[in-house]
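What follows is a short report on a single structure.
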Amino acid sequence: MLSTLIKKMFGSRNERTLRRMEKSVMAINAFEPKMQALSNEELAGKTQEFKERFNNGESLDELLAEAFATVREVSLRTLGLRHFDVQLIGGMVLHEGNIAEMRTGEGKTLVATLPAYLNAISGRGVHIVTVNDYLAKRDSQWMKPIYEFLGLTVGVIYPDMSHKEKQEAYKADIVYGTNNEYGFDYLRDNMAFSLTDKVQRELNFAIVDEVDSILIDEARTPLIISGAAEDSSELYIKINSLIPQLKKQEEEGDEGDYTIDEKQKQAHLTDAGHLHIEELLTKAKLLDPGESLYHASNIMLMHHVNAALKAHAMFHRDIDYIVKDNQVVIVDEHTGRTMPGRRWSEGLHQAVEAKEGVSIQNENQTLASITFQNFFRMYNKLSGMTGTADTEAYEFQQIYNLEVVVIPTNRSMIRKDEADLVYLTQADKFQAIIEDVRECGVRRQPVLVGTVSIEASEFLSQLLKKENIKHQVLNAKFHEKEAQIIAEAGRPGAVTIATNMAGRGTDIVLGGSLAADLANLPADASEQEKEVVKKEWQKRHDEVIAAGGLRIIGSERHESRRIDNQLRGRAGRQGDPGSSRFYLSLEDNLMRIFASERVGSMMRRLGMQPGEPIEHSLVTRAIENAQRKLEGHHFDVRKQLLDYDNVANDQRQVIYTQRSSIMAMTDTQEVVEMMREEVMDSLVDTYIPPQSLEDQWDPQALSDVLSDEFKIKAPVPDWIDKDHSIQPEQIKEKILALAIEHYDEKVRKVGRPVISQFEKSIILQTLDNHWREHLAAMDQLRQGIHLRGYAQKDPKQEYKKEAFSLFTMMLDNLKYEVIRILSSVEIQTEEDAHVVEEQRRAEQIKKMNLMHENLSENDEASETQTFRRQEKKIGRNDPCPCGSGKKYKACHGSLV
């Protein structure tokens, strides 16, 4: 009541926003005579003037009126298009970081040039986001003359570009591309191995076209970069055959190749064991004669040996796992229950599979992932435009903090939206649609029939073929071809069947596309020939208007009112006539699930017969209520996805920030020293627990681990025997001093710059490996966390708690692994230090899958987009394909 009274007194929020912006429109219009008087050179010089004024302290808001007036004049001179006043308002809404709802045909592509130009003045870049590659290329080419006239550069990004081309494209002032491509490039940049490998600049300002499609419909599934794990089955099998030849050391001082630590569930090679396994590896031709297992090029081989040793020494059949249906299934050590689907990480599961002689599975691992919600919220400023956003205004505000401003049309809307017709059966409904299409054909009125699925569009196509009605079918598969067909859907008598997303972004012009007709003329066509084409188009245009404009037929109500409005919005552009009607049946999915009982009983009471429709406001209201319920359900699903992804997003930001800072470092000494101190402290605390009695200490095990894992000779038992009053802190200091001394020897051999390069490569490589394993662990946690609800626990809180625990564990393991590798690997030349970096770069060339599974029902035609690069497998002892002359394992295959 009170809110209604306030609206009557002051107007709605939308009306107040429009009134405020009308004052700015007057200011822009006041600049128009001045702009018209400028020469082309003077007009082009405005950009430099604006940049200087911005650098001298003027804000973009203060420059807005003059900048918009400049763009409008340039657009008129280059494209012959002058921005309407309502388009200026749309540009202001976008500049303020909100969503402009503009009807179909109101010129959203042209509107984007206003805020794009204004924000490009800052020099920090503008990203314009489209729904497909065709629109990115089309819009960039179409608007390019405006930007280039004003001295700005324009880039466009698409999947098949080379790395260098993409870097150049991102350097442009204004970049066009798809949401998927921007997201994948962000993820790839955070998998890069050096700053020079990155392509994106700062995420400054994004203008998202069809914002409802991108930020809502496609937001239910994340972007994922996954890579098939290297097929190392043969290597696991070969190393598995060597491990039984190693002998366990039963007691300290006895002969033996390895020791076991049951407390930590670890197995370590002794000095004799290192020599023995090197000898066995050489005989198996996995290691060159005289080559050390600890050479930089053999890090991954060492990893396989450790995994196989652990599988044989520490993991036992029917205790730690069982073998069932040719698979190794883990047994939970606490409950004794099997855990199908769970796998040990770091190659251990594959090593156990090799030991048991079952098939070795190579998993498709997630390398990086992000949701669109979290990706687009990283931009300093985000805005969007669409023809249908108001029904989702609450979600835009809640998730993205974006206000929806409904922009009035330039000309009054005269489209006639007819009431829904509801039939008892689908057969009756489709027969009625055929009759409507046939009647339109008699009048030569163009028809667009919208369907909710490819299956429905193909079924309808078959019915039209039986009736000998010519038509075109669009299924949202070939964007460029679609755009051409949809542009011609306004020709007299044209019949087009389209799934809801097909051809979105292209206007249906009554009479067909004049631009396409002119483009089909020969390059040297005379003005007279062009005039003939224009007259023919005008004749067709007038014929369609006389027939009633474009007819929209909906074959089924969608789950979202917004998608229905998008279909209706195809007609009635820029004041054109048009009409729309939805044909429904009680057998349609939405009606069957949500509204059939109520509407069905109503139809029975009215004595409806097969073939007779019902047309009533109560029916329309019942359907809209069903749609509201479903919209609320889908919002809850997306909100829940975001709640969970926010936990992962916090961790992602920490990892990516750390990764970028490490890449930027020239000297990593401080980072490594900090890691070393933490690792040594943690090791001592494990074997000599704080606040414990000396009887609880295990100094020999500590010495063994330091020797076997880190190559540090620390006689901890001797220190304790000589000084019974020695404290754990003193032991830590002694061990740390030995670790520093041991490492300083390596530094002296090759120099600090070389060692820093090697350290950086190892840190990044290890970080990527552990992050990948962590993502898999987070996926597993997410899949089962809802079961905590049965124990009266909040699954989200439990997920946060356990995710934090996993993250802490991952960071601890990361530090341990980095220090272990740096301490044990031998670096003799600068070339050794570059081996890891070269191999990591080669990883980028290997097979990588980019996925965005759009499970949203709103885009029924979309499928998983998977891009693959297939390459022949290279053997470890084959010549490296880079042409160095070395074996693959000693060059780019060193860590594979």
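Backbone N, Cα and C define each Cβ position, glycine as well.
Here the Cβ of E106 (ATP binding site) has 24 other Cβ atoms within 10 Å, regardless of which shown protein chain they belong to. Per Swiss-Prot, ATP binding site is recorded for Q87, G105, E106, G107, K108, T109, D507, and the stated evidence type is sequence analysis.
Per Swiss-Prot, Zn(2+) binding site is recorded for C880, C882, C891, H892, and the stated evidence type is sequence analysis.
What Swiss-Prot records for 866-876 is compositional bias 'Basic and acidic residues'.
Annotation source Swiss-Prot lists region 'Disordered' at 855-879.
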Near ATP: residues not in Q87, G105, E106, G107, K108, T109, D507 with Cβ within 8 Å of the site Cβ centroid are M102, T104, L110, V111
For G107 (ATP binding site), list the number of other Cβ atoms lying within 10 Å of its Cβ atom. 19
Would you mind checking how many other C-beta atoms are within 10 angstroms of the C-beta on T109 (ATP binding site)? 18
Return one of helix, strand or coil for G107 (ATP binding site), based on DSSP. coil
If you count the other CB atoms within 10 A of the CB of Q87 (ATP binding site), including all protein chains displayed, you should get 27
